[in-house]
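Engineer: Copied straight from TrEMBL:
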TRANSMEM  32-52  transmembrane segment
DOMAIN    44-295  domain 'G-protein coupled receptors family 1 profile'
TRANSMEM  64-89  transmembrane segment
TRANSMEM  101-123  transmembrane segment
TRANSMEM  135-157  transmembrane segment
TRANSMEM  200-225  transmembrane segment
TRANSMEM  237-254  transmembrane segment
TRANSMEM  274-297  transmembrane segment
């Protein structure tokens, strides 16, 4: 939505973030489940991060990747939550251009980090099932020390052009994004000037990260399934499948809201504005909330580490 392009400026516009359409008077009530989600997400991911960092028994590739996922979930929450508190509890939706661009950068960077970690976890599962005896020699601690920074650097480099190119666009003095936070595609759509370069950079960024990672994750699951089916012993086959269940759940949790949002945009989001906003929020709120729960349920070592700490 745009207010007016007659008084457009570069880098000095204000973005008026919106909550749920038609629920302005009930924003306090709407924010209660969001705040509960936030508390569980922050506590759950912090506990997992603490357990993995302090327990030497959990210093294995799978758990190191899980700690990276927990850290990126916390980073994502830290990027989104301040504007949600400001909007739902204080009723203040105004955000200056620079803060909006910064929030956009951090949201996309942590999302790309999560995709990179999910891909690394898929590779780890494939190696563990395909060649369990040599798994430790492939994913050594020195290799792990390179994978984490490489995922982070790639995410930063792919997202750095976005906020820089946004500085070149003209925006109305007051712009109204359709979400509770700033996203690249949403901000580009609000600009008054030519946005072809920005759109192209955004598309290339998505293809090189989300598109590339998703394709390789699907391929790794296909290879894992083929390897599992070739195992003769039913017991070993079940054990190998069980190893991948939690990771498959996380991937589905991560992708389902995105898929729902895409379908809703195609179906005609203007007919269901509140539902579109809800799906856009679930897209970011569900994975950090569910990741710790799934891994605590599926991982015996994390459960044992948790019980040991409480005892």
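Placement of Cβ uses the backbone N, Cα and C atoms for every residue, glycine included.
Burial and contacts for the listed features, if you can.
Structural biologist: Taken as a whole, the domain 'G-protein coupled receptors family 1 profile' (44-295) shows an average pLDDT of 83 in this prediction.
Within the same chain, residues 59, 61, 64, 68, 108-110, 112-113, 116-117, 120, 124, 127-128, 209 sit at least 6 positions outside the transmembrane segment (135-157) and bring their C-beta atoms closer than 8 Å to a C-beta of that stretch.
Within the chain carrying the transmembrane segment (200-225), a Cβ under 8 angstroms from the stretch's Cβ atoms is held by residues 108, 111-112, 115-116, 118-119, 122-123, 125-126, 129-130, 154-155, 158-159, 161-162, 165, 184-185, 188, 240, 244, 248, 251, 255, all 6 or more beyond its ends.
Non-local neighbours of the transmembrane segment (237-254) in the same chain are 69, 114-115, 118, 121-122, 125, 128-129, 217, 221, 224, 227-229, 231, 286-287, 290-291, 294-295, 297-299; each lies 6+ residues outside the stretch with a CB under 8 Å from one of its CB atoms.
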Engineer: Could you give the residue numbers and ranges of same-chain residues that sit at least 6 residues beyond the transmembrane segment (64-89) on either side and whose C-beta is under 8 angstroms from one of its C-beta atoms?
Structural biologist: 17, 19, 27-28, 30-31, 34, 38, 41-42, 45-46, 48-49, 52-53, 95, 103, 106-107, 109-111, 113-114, 117-118, 120-121, 124, 144, 148, 151, 180-181, 250, 284, 287-288, 291-292, 295
